[in-house]
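One structure is given here, and the rest of the page talks about it.
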């Protein structure tokens, strides 16, 4: 409903009385008529107008008398009704011969404001407007010509400038996200696009309607990961918002709160522990006395004080500008006013040389709150100052309020801080929730130093730290509830890290997460940070038994015992034949006395002959008798066969022991049945084999349907007739074998099954990510990685779908890649890993026989040398002992006297009677004693 107010009769009477009373003391009193157009909701503007008129009336020095005052309240969205109301009042002023010198417009925005602008521009009425909006926001004044800009003036109210501090804070703090809430004391309709325009800050601007809307906005901000909050409103609204934030636990190092108000006073909050940046206006030092005088003397008590002071100065300075123009003769005296009925759109009214803007700009009247800056429309405003305080609240009590800086109202004014370090408390530390899965060496959980918690280390921790240095954020790591990477079931439901991202419980999924097509449908992946990683096979390393005396294991123990028995038997037999044969050397010495080799085959010589006959050195002189030679020849033949068999079997035995590698690829694994194999349950490897089996089954069904299709011609059907199955069923059989082998649920279980295998050709083989298997091989010398990688996929970091982190992380990872930081991480966690074990080199088929298998021969040498040394010592001792015993026994002290220098000889002569065949031995003892002879003669 539109309401029109005519000038109040009482006010007119008072004005005339005031004029008559001061007629003698005041000069150049100018009479001014005003058309005051106000928004129905703008009570402060109406109340302040009365204060301004009262101030003019009580101060004759001003030289103004308000004669005609036409006040109109408008509102709503009916432009025609608004214009009708304006025309009624305007036409009445013309009929009363009191047309308005000045139109004062305090409408806020919207249809009412645009209707006023259209009305004043069409009728060429000098107007000062305090409507909201920057350049181009007021559509009806968007295309004013040069003359119109002189008298159609817009000055932005404080509430239109205060939101600009949000932009200044965002720029100063480099804030990447912002949640902005405002109440009805601010108008943000035109700020949605312009407030943070050209700033890379993700933000939401929301109006506060009631308590319920506060809860909804906070929940919405939290759901979209906004952690920097701005609240613009009355102190009571601010308290309500902060109380709700406290109940929702939105305070702490990961959140930043900025509260901005037009009110004066202290901020109140029921917060348990919060640090808040409180921004409020404060008058200039030179204007405080004047403002206090207006408040106490003239009743300028409307709130907010900043708004009331602005309207006062806005009215007062506008009227003073009209007065100055009249005094200087620059106000036109022959102004023609056209009623709304007479207005013709095709013949616009001219209004020239009414430069009201210049007089407002040159105004020297001291301000009541802060000076005015008059420029073009959208850039004219009051340059007030906002005070920035750091308020600390504990247990609902403000324990401190420290002044940290100030901001002068402007469209691009920076924040002036006393100490830049203080502002760090008001920038939310961006804390992302990082979900991960434990996997060496990418993510390792260790106990904290104090033993009260846990922390993480690994390749991915170093990676996220490098990214954090480039982007600037903090993070909190937690392990996925099921410690899975993320797989989709038959119902399309996810588990693991992917589920945490989908349900927005985590911001980042960090780990050795493979990029897969189905995962990309629900989450976003960054560029890969790791090389392509495939699936490979983990098996127990073949343990080739080694022995220093491996050369003895070529023949079984029974064979060795038989050879040893044959050796002793042959040696004994040779000794017997040589002793009893009449043609042996020891029984027929005269016959062989001229031979160079004279060898008596006693038992010791027979043992030595048989032993040396098995060596390349040979046995030496053979027996003289034919029977002995037959025994020797038989032994030589036996030794040749044994040595040849031993040599051949030794080479084959050592070679075959190094060829025990039954599985070298996935195909080898699929073709055998002794080794069970399976991937980890729920892993990407399991998904690969399951899908490959399903694809083979589908291809078979397609081929079968095509083959049995009756609609095909005989020729087409013949082309599909083949003897062999055209599609391989390799993965179908493997998947069936995996299910029969039972898939392990954890990596530890899989490793245990591999280690418990009987050998490399019988037991269990694990199929999994190559990085998992490579790490296990790196820390366990009993394991080996078999075959090449297949189904290779890159590792990447996953974020929520549509998250801005994707682009930020992409840039950071590419920068790290260019700096070769990723290569250094690989070197650190693979080649230089402290868990790495230096395993002994496994015998290769191309290598020679190792010392572990042939070293026993050196032991034999050392034992033989040691035994020889012992024998030498024994021989020396035995010789000395026997010699001294013989000398003592051969001398009788009763029969002979030994002189010094005498010697004894004991020649022994053996004779053989060939006719009787009997042996006789004559031992002739003789001695000769000589005294003084240099050498004895032997007879």
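Just so you know, glycine gets a Cβ as well, placed from its N, Cα and C.
Looking at 613-634, 635-656, 657-678, the stretch flagged in TrEMBL as transmembrane segment turns out to be 635-656. When the ranges 828-853, 854-879, 880-905 are checked against TrEMBL, the one recorded as transmembrane segment is 854-879. The transmembrane segment annotation in TrEMBL falls on one of the ranges 559-577, 578-596, 692-710, namely 559-577. In this structure, 684 is the one among the binding-site residues 514, 684 with the smallest number of other Cβ atoms inside 10 Å of its Cβ. Per-site Cβ counts within 10 Å over the recorded positions 87, 340, 663, 781, 839 peak at 663. Taking the mean position of the Cβ atoms of 514, 519, 684, 769 as the L-glutamate site, the remaining same-chain residues with a Cβ inside 8 Å of that point are 485, 512, 513, 515, 516, 683, 687, 793. The Cβ neighbour count for residue 769 (L-glutamate binding site), using a 10 Å radius and every protein chain shown, is 25. Summarising the environment of residue 519 (L-glutamate binding site), the number of other Cβ atoms within 10 Å of its Cβ, over all protein chains shown, is 24.
Across the domain 'Ionotropic glutamate receptor L-glutamate and glycine-binding' (441-503), DSSP helix (H, G, I), strand (E, B) and coil residues number 20 helix, 17 strand, 26 coil. Binding-site extent for L-glutamate: residues 514, 519, 684, 769, maximum pairwise Cα distance 17 Å (rounded to the nearest whole number). Comparing the Cα of residue 87 (disulfide bond) with the Cα of every entry in 514, 519, 684, 769, these being the binding-site residues, the smallest distance points to 519. Comparing CA positions across the recorded positions 340, 663, 781, 839, the one lying closest to residue 519 (L-glutamate binding site) turns out to be 663.
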